[in-house]
Amino acid sequence: MAELSPMMQQYFKIKEENKDSILFFRLGDFYEMFFDDAKLASKELELTLTGRDCGQEERAPMCGVPFHSAESYIARLVEKGYKVAICEQTEDPKATKGLVKRDIIRVITPGTVMESSMLDESENNYICSLYADKRYTGVVFCDISTGQLFVSRFKSDHSFSQLKDQITSYNPKELLISGKLAQNKVLHLFIKEKLPNAAVSHPDESRCGLLECTALLEQQFSKENMDKIADSNELIIALGVLMSYLKDTQKTGLERIDTIELYAEDQYMKLDFNTRRNLELTRTMIAKEKKHSLLWVLDKTKTAMGKRLMKFWVEHPLMNITTILKRQNAVEELVNDTVNRLELTANLTGIFDIERLMTKIVYGSANARELRSLCQALTNLPALKATLEPFKSKLLHELYRDIDPLDDMRALIDEAIVEDPPFSVREGGLIKEGYSSPLDELKHDMNDSTSLLARIEAEQKEQTGIPKLKVGYNRVFGYYIEVTNSYKNLVPEHYIRKQTLTNCERYITPELKEIESRILGAKERSVAIEYELFNDVREQIALNLDRIERTAKAIAALDVLVSLANVAADNRYTRPDVTQNSVIRLKDSRHPVVEALLSDAMFVPNDVLLDNIDNRIAIITGPNMAGKSTYMRQVALIVLMAQMGSFVPASYAEIGLVDAIFTRVGASDDLASGQSTFMVEMNEVANIVSHATSKSLLILDEIGRGTSTYDGMSIARAVLEFVADKKKLGARALFATHYHELTVMEELLDGVKNYNIAVKKRGDEITFLRRIVPGGADESYGVEVAKLAGLPDSIIERAKEILAELNSSAPQEHIQHEAPAQEDSMQLSLMPDTDSMILKKLRAVDVNTLTPIEAMNLLYELKGMAE
């Protein structure tokens, strides 16, 4: 280390404290990277790798980026999961002799991004902290760009499914995993599969002390907030670990994070990962895009704040009827007042992201352009508030009350900051004329200096007889007199040569240096004063955080409600009647996404009736491609929309409150965990029957198709019986199946009804009518569907021949049409007679009295019967 240059010694000292980050080391107008960081950055950012003398025999590998365009390079590194430590010069190099002081001002990680250019405006950017002990698991999600903070906890013995659901719902960009979860390989495999770009780290155990975490949080949060987590050591530690990490990386007091929102399970409808994926709530299954998802249909918001809130509402339908009704009343009033609704839509257009702007203002990183953006956003508020005033529904009245026009804040920015300020806040040109008398006087003197230089140039031309003499300036030499080579013979002796160029010479004079000192001194003072004034304006805005934040939240909620009203009005949606009873009754229901995609054809509407008495389960049979899956999904989506406060695509809707929607739809292998299609299906079914309640809605599509016919039919019927049985589950369910034999369950089980997809047949041609009608399907139409799919005629004809042979010659298996036994058994009567005989033989055996020889003989006998 002794051989290194002083600057390199400084670099290594700072790098030693930031080993896990790529160090952006400020040198003049560049951020430089050295050694391994340089090699990595040059590869990832496609930069030229050079070298720099460092005091040793070999040059230090080096690459760099201009400081004014560094943000785009940092964004690319962070997007790939790297941490970037920003090392700035903390003193003015001009006022310093020797080595300039440098320090880390911030570490940017995937979960701590605040720059708008590095964020998706429509999504939150969460960092997650997890801590678990033997009893409970604490989970914390924080978006530091908005200041939002959510916490929840649950029992550790069944926390993994809840962890999966929350992690995939919030989709964090970074996770801090501590406690016993740090060694949980299953969790890490899940994160790697579902969040492949997320950064994962394991904070040191020293950060997980309860006393240390409590002390840290008590400095950050009010007693009212601390009371929310006082009885949960797991949450205190999870949150303490997070806040410690954020303080280390952000180098601020985190003033924006001041409220703890406790996530209560009974507050929202439960939507697990499979349900959110299968229903394509926020992105499609295949393309993984917002386009053609439910969110794509509903999100017509005009602000970034509204877009983020709309996504949250879609993923968190409500369980509180009072809150649902408040939202519905607001949407209905907006639907009925077209003129003011469209005026509100126009008022919301052009309002910038106040939430994220305020975070940068509070942390002192907002520039003058961002203050002007805030000013522009505030310009729309008086008209927005005035348009909202006539509305009488409770929620809209509350939003009207919470929206502060913030005239004083808008006036402050407008009076102080120029219309089109520069990007940098340290080079002047920020403050309007008339805002500060001392600054105006200084600038006047500077302007006089400019005219003085022009006078000196004219005088020197006259005195020397050099017509093309110029007075100029650059940062290296200051002010100079430039004379072209053709006039060098006329240069006076008192001119001092300073620089020789190809076509000219540059000179200085004692008089010019004196003027330079005066001018540059004034400019430096002017820049310093402007920066002080700008900081003062920024701090005044930060002091009004509560007012501005309350307004921003109200704007976001209004934006979502106006969007829902616009969608309802444009698509002929109706207000659903959400009740505490069990009835789900829909008239002329439609799939919101499929309907939106049908430009020419009309969507065929269908009715629905489910309850907890006579219509608990609808068994739906019919050919593939006929619309069973679309029908079931549309019912689930309509229930979800109703409970988020939206109107729904139906002519009439009554929705008995649903505490969870579970779906078992589609077939896919889980290659990451080595599970087959059938195993994945069974895992999903097991999760449903374990977590569903009588208030849940189940969408079960083709259970048992991943295995042999008898196995599949047995499992399908067993699940059907379990779901239908009030003593075991008794949930409302839509149950699509290709096992037509299960239609007999309508006669055997209370609350089960058969439905099928209506088909019109003419000769060999079939037409799917897309109508759900009572009764079971009499045929599967598999060959006809194959024909519609485009299989060659030769294959179709051969399939018909084989089908005819099978129908005429295959023995009919005997399926016992008996109701399930009353005891708590899942055994079914779906087996051939031989199997029944084997079971009877086994039941008659007393295993406690069998000798080894008798047992062996019995085994041979049973094997013979089976063969």
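Each residue, glycine too, has its Cβ placed from N, Cα and C.
Its Cβ taken as reference, GLY627 (ATP binding site) is surrounded by 23 other Cβ atoms within 10 Å in the chains shown. According to TrEMBL, the feature ATP binding site maps to GLY622, PRO623, ASN624, MET625, ALA626, GLY627, LYS628, SER629.
For the domain 'DNA mismatch repair proteins mutS family' (696-712), the residues of the chain that approach it from at least six positions outside its boundaries are 270, 278, 584, 610, 628-629, 632-633, 635-636, 639, 658-667, 676-678, 681, 685, 688, 719, 723, 731-739, 830-831, judged by C-beta separation under 8 angstroms. Here TrEMBL flags 696-712 as domain 'DNA mismatch repair proteins mutS family'.
Neighbour counts were taken as the number of other C-beta atoms within 10 angstroms of each residue's C-beta; across the binding-site residues GLY622, PRO623, the minimum falls on PRO623.
When secondary structure is read from DSSP and collapsed to three states, LYS628 (ATP binding site) falls in the helix class. In sequence order, VAL665, ASP701, ALA736 are the residues near SER629 (ATP binding site), counting only same-chain partners six or more apart with C-beta under 8 A. Of the listed binding-site residues ASN624, MET625, LYS628, the Cβ environment within 10 Å is emptiest of other Cβ atoms at MET625. When pLDDT is averaged over the domain 'DNA mismatch repair proteins mutS family' (696-712), the result is 87.
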